[in-house]
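Some features that TrEMBL has for this protein:
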- 22-513: domain 'Major facilitator superfamily (MFS) profile' (DOMAIN)
- 21-44: transmembrane segment (TRANSMEM)
- 146-167: transmembrane segment (TRANSMEM)
- 174-193: transmembrane segment (TRANSMEM)
- 199-221: transmembrane segment (TRANSMEM)
- 233-254: transmembrane segment (TRANSMEM)
- 260-279: transmembrane segment (TRANSMEM)
- 343-365: transmembrane segment (TRANSMEM)
- 371-392: transmembrane segment (TRANSMEM)
- 399-418: transmembrane segment (TRANSMEM)
- 424-447: transmembrane segment (TRANSMEM)
- 459-479: transmembrane segment (TRANSMEM)
- 485-508: transmembrane segment (TRANSMEM)
Amino acid sequence: MTTFDDLLEEVGSFGRCQRRIFALLCLLSLPFSGVYVGIVFQGFTPDHWCRDSVVVQRREACSWSLADSRRLTVPLVNSSGVLQPSSCEQYEVDWNSTGLTCDTQELNLSGAPVSSCKDAWEYDYEGRKSFVTEFDLVCSDGWLVDMYQCTLNVGFLVGSFAFGYFADRFGRKISFLMSNIMNAISGIVLAVIPNYIAILVFRAIFGFAVKGGWMTCYVLLTEIVGVEYRRTVGILFQMIFSVGVLILPLLAYYITDWRWLQVVIAAPYFLFLSYYWLIPESPRWLISQNNSSKALEITEAMAKENKRKLTKNFETLTEDVGDSSSASLLDLIRTPNMRKHTFILMFNWFTSAVVYQGLIMRVGIARGNVYIDFLISGLVEFPAAFLILFTIERIGRRLPFAFANIIAGASCIISAFIPDSMFWFKTVVACIGRLGITMAFEMVVFVNTELYPTFVRNLGVSVCSTLCDIGGMVSPFLLYRLAAIWLELPLIIFGVVAFIAGGLVLLLPETRGVPLPETIDDNMFVFAPRKKENPLETQQMSKLLKSDVTSNKETTSV
């Protein structure tokens, strides 16, 4: 019996055809980064204060500065130990009886009664427009900004399961087409719909389809390349997400309206519709559906494009048996070791999502130049991939994974206590934290796939990685609500959580050079001695085609 891996040796593990498909599908990660972290610019909350229509009219008539009118409108409040103009309270003054003339801009109102904002807000945003300024999502309505990112992650969570089923049931190609149709429609609707609640609904739909399409093309990529190229292809595919992170602040700088930025993010999905005619169905999936003749036809076309010829007579094709359908959730906690691995991995997926998204979204509230700060922090994601490739085969998985979390945690806590006057030092420390959590986010995928026995591996990765999307739902509430108490408080929470995650990783066994476990008994690891990678591990990686697809960088990184 002949397997598809035997065919790939004839066709070419990463020939011209696979490189073309890889280049096309990598483009999908560019708009995905805008979807994942675009809230930093689309939901930017600028400096704001209560609007008093009488004071505004007098400011325009008397040519007052914004500072003059603001001083007559809002009181000073203690914010993190510093007196600052209030964003949510205003003086209660009857200007009709008090009288407001061009000579009263120096009037002292420090003893006047105050109340919450009554009419609307003014924003110091230099002609720009976010959905925060359009819908006045500040003060008591500020939690609705958190919902913009939360609903996206709800869509991610549902889309991961739904498109995993669709892709296995109907094929990678039709699922990818369906996701792009939904992306194009929901993405444009988001840009034009006038009601914020409806925006949240379509944001969830957008997340549902975007995550599903990203997963599907990730699976397709790993299914058409040889075993020796899968890890490299997977890491490079996620690195393109980081390229999108670098492009995003440039787009946001020149596109000043959040709705037009949404159009630019959604527009590429119309282009991706053409992929239906440019990219073949996965031969592996066709073989699993007992359609070997069609799989062989596609494989022959790939060989022709690679300028190779099938020298053998492949009449019968089979695929390695995947995970057993008898696997259940109970298997993940059946033994003490399985329970330990499951809970540690779940916590690390959760931590990676909370800290990674939290650090990105914090750029929007850090009171610096959001465009430059975002660009600088995005640059540090590139070394993460190279550090992983350099360390995992020399040092192993456990120590780099643990220290990446610990370094991220330490950087967050240290950065919280660095004064703003030491701007560049604070920026360098924050970037080190971003580098650490990016490494941890990408490494949790490898460790997760290598710790579970074959029959429960896909289920284990799927269940553990759901905590990634749950972490994404929690992250905006942790960041924005805690920052309202003290700007640096979220950093301390992120640091503590990352420290705990790093310490827990040290309780996991080393998997470098250890054959992938086939049964629960094999899962009773001891800390294996470090040795060169066993060829059996590489061969068994062919069974991991579906395991990585729920990774979130979104990884990474985004």
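Just so it is clear, glycine is given a Cβ too, placed from its N, Cα and C backbone atoms.
Between the transmembrane segment (233-254) and the stretches 260-279, 343-365, 371-392, 424-447, 459-479, the greatest number of Cβ pairs separated by less than 8 Å involves 371-392. The list of residues near the transmembrane segment (371-392) in space but at least 6 beyond its ends in sequence, with Cβ under 8 angstroms from a Cβ of it, reads 40-41, 232, 235-236, 238-239, 242, 245-246, 248-250, 252-253, 359-360, 363, 400, 427, 430-432, 434-435, 438-439, 442-443, 446, 512, 556-558. Across all of the domain 'Major facilitator superfamily (MFS) profile' (22-513), the predicted model scores a mean pLDDT of 87. Comparing 260-279, 399-418, 424-447, 459-479 for CB pairs under 8 angstroms to the transmembrane segment (485-508), the maximum falls on 399-418.
When the stretches 174-193, 199-221, 260-279, 343-365, 459-479 are ranked by Cβ pairs under 8 Å to the transmembrane segment (424-447), first place goes to 343-365. Under 8 Å from some Cβ of the transmembrane segment (260-279) lie the Cβ atoms of residues 21, 24-25, 27-28, 30-31, 34-35, 38, 41-42, 173, 176-177, 180-181, 183-184, 186-188, 190-191, 206, 213, 220, 251-252, all in the same chain and six or more residues away from its ends.
Long-range Cβ contacts of the transmembrane segment (174-193) within its own chain (Cβ-Cβ under 8 Å, at least 6 residues beyond either end) map to 163, 166-167, 199, 202-203, 205-206, 208-210, 212-213, 216-217, 220, 259-260, 262-263, 265-267, 269-270, 272-273, 275-276, 279.
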